[in-house]
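What TrEMBL records for this protein:
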- 1-16: compositional bias 'Basic and acidic residues' (COMPBIAS)
- 23-143: domain 'C2' (DOMAIN)
- 181-305: domain 'C2' (DOMAIN)
- 346-472: domain 'C2' (DOMAIN)
- 1-23: region 'Disordered' (REGION)
- 572-589: transmembrane segment (TRANSMEM)
- 601-634: transmembrane segment (TRANSMEM)
- 716-746: transmembrane segment (TRANSMEM)
Amino acid sequence: MQRPHPPEDFALKETSPHLGGGGIAGDKLTSTYDLVEQMQYLYVRVVKAKDLPGKDVSGSCDPYVEVKLGNYKGTTRHFEKKSNPEWNQVFAFSKDRIQSSVVEVLVKDKDLVKDDIIGRVMFDLNEIPKRVPPDSPLAPQWYRLEDRKSDKVRGELMLAVWMGTQADEAFPEAWHSDAATVGGEGIANIRSKVYLSPKLWYLRVNVIEAQDLQPSDKTRFPEVYVKAILGNQALRTRVSQSRNTNPLWNEDLMFVAAEPFEEHLVLSVEDRVGQNKDEVLGKCVIPLHLVDRRLDYKAVHTKWFNLEKHVVVEGEKKKETRFASRIHLRICLDGGYHVLDESTHYSSDLRPTAKQLWKQSIGVLELGILSANGLLPMKTKDGRGTTDAYCVSKYGQKWIRTRTIIDSSTPKWNEQYTWEVYDPCTVITIGVFDNCHLHGGDKSGGAKDSRIGKVRIRLSTLETDRVYTHSYPLLVLHPSGVKKMGEVQLAVRFTCSSLLNMMHIYSQPLLPKMHYLHPLSVTQLDNLRHQATQIVSMRLSRAEPPLRKEVVEYMLDVDSHMWSMRRSRANFFRIMGVLSGLIAVARWFDQICNWKNPLTTVLIHILFIILILYPELILPTIFLYLFLIGVWHFRWRPRHPPHMDIRLSHAENLHPDELDEEFDTFPTSRPSDIVRMRYDRLRSVAGRIQTVVGDLATQGERLQSLLSWRDPRATALFVTFCLIAAIVLYVTPFQVVALLMGFYVLRHPRFRHKLPSVPLNFFRRLPARTDSML
């Protein structure tokens, strides 16, 4: 049996990188590119050449430029028969790998047998100027070409050569010496890139009625329903109860639509004429850009649409015959909802679709992706294990992908990115992947980029303006058990623009108002979330270069709702962990009753007598006690963000059968049809139970986090409230407080709001241990 890993293997580690080239000054950094370590590069910008002499028999030349530094050389594309070519290409050589004191720029003539050297320009590395942004870019200059003997030859080359860092504007598009083995189309797949998720809308189609339908069989009562298709989403209404040619439904169908709208909504009215046999009575196609958009629940005007019937005439093409049948619809794009495309536990964005409803941002999130250590080999190349790692990070609608570091188990990215923050109770996700598409497109025979692991950081657990530098373990669950794939080193800073605005957000509902005023059902939300993730992964996989489907689905936690014995056990023990506090209080009270500590028992008796004689002191004493506990716990507040915890996730010492079940396909791959049906039903029901159990655990953990300083701002607000409440209740007669509370609880429905109350909103924003769940 495999020995369990020592616990420290999976721990979060504090690091002290040399950020921004100058280290950390207090809690804040000084330079602009300050959350990463500076990496020095030698940049060579090859702009153009002029007056190049002809080298072949015809007197023309096919020029290209080769930039050579020690063992590394990069080449531009070549031009056919051109003596004044323009390349405008940048080459970057990492200073760590420079093994030469001279950089050589050669202009060559492409030939079938051997390429001729037209001329060259040499630079001594000690004399190359340094450039640090925001300095202006170095202006290129003309250099006369020389031959091997340093004699001037015909032709000139326009160049700029300088030493800079990864903060240079030329860095993202430059050819990199450490990727010299990757050529052609593969270069696009290794560069850093920023992507934007498509803007998602909920499309609501209210099918009201149809008129003057013409079924082919007039002798029977029609059984009519409406089928609606948008892209790969298909929904249908129930069969109309009015069995005539003017059926009535008044039923809502909900879809997810993404801008720019590529697909049309196709509605077809169908008659169920027999078992598995439907007759189409008419169709209509509605382009989404013509559909009304609304920000609230105000009624949208209904419209009548003509239904077209497609008739196939033998020997001729399909004809369209227009006739009097029509359908009555109320159709709109609901901009007041937030379209959920992530797991609700790890949402990075909670804003409504419509931009008009967005509030101003409350701060900025900065992420420095520094490096990774000890990455395991992910594939075999030339008989040895290798890893080509890159990072993807997602927050809000903005996705970023770092460049791929070729063949390294200790890659150094040192890339910095920024996001606007609209809500502190959100989560940023950082994933590390192995690039399996280095040699252009999908020529690798449908290979998928392998997941190395991911990190989630909840912003509300970060102190404002503090730089967090930690090394996070990358954990992945395999059919053989939990495996540490390496560590990723990050630098994170959350900067708040207005503390007042941020504190005010804690009193606001978590989701937009429409989710509470006109809620969607749990089943609807599940189906719509599935459609949203499919749309996002499809759109991003069509970007150039693509952010692949397997990467997007892993980042969005697509399979988080699937049944797992391990997750269910973990959620059960989370509930037990919450209840353990009540059990501890019961044991303490039992010790008081048994006089285990006489002094404490005497003090409790005195307190009990005081509270009986002066009942108005009960509430202020409780609040004062909570205030003192919160202040006392401040000393032990967590100093680092939460990370994946294998003990909390119950990923240690798993039974092989349970792992086999967790990695089983859905539906199951068992042979018997009956077993498959029952097993899948059991798993789906258990998945729901698992979610409910997890939600119960989340509520208890939120109660615990009130005083734990896991979310420093929320605890500060609650502790301050406790102090104010204690003071107010001390000076207010208890009978008055009890009377006011009674009247408030029994208030008339006219004075009640559908929106959640401020305390409930505050409570829902508190962090739970879901962030640390694997």
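Sequential numbering from 1, following the chain as shown.
Note that Cβ sites are derived from N, Cα and C of the backbone, with glycine treated the same way.
The structure displayed is predicted, hence computed values, not measured ones.
Counting only same-chain residues 6+ beyond the ends of the transmembrane segment (572-589), those with a CB under 8 A from a CB of the stretch are 648, 650, 693-694, 696-697, 700-701, 703-704, 769. Averaged over the domain 'C2' (23-143), the predicted model reaches a pLDDT of 81. Residues in the domain 'C2' (23-143) partition by DSSP class (helix H, G, I; strand E, B; coil) as 6 helix, 55 strand, 60 coil.
For the domain 'C2' (181-305), residue counts in helix, strand and coil come to 10 helix, 66 strand, 49 coil, using DSSP.
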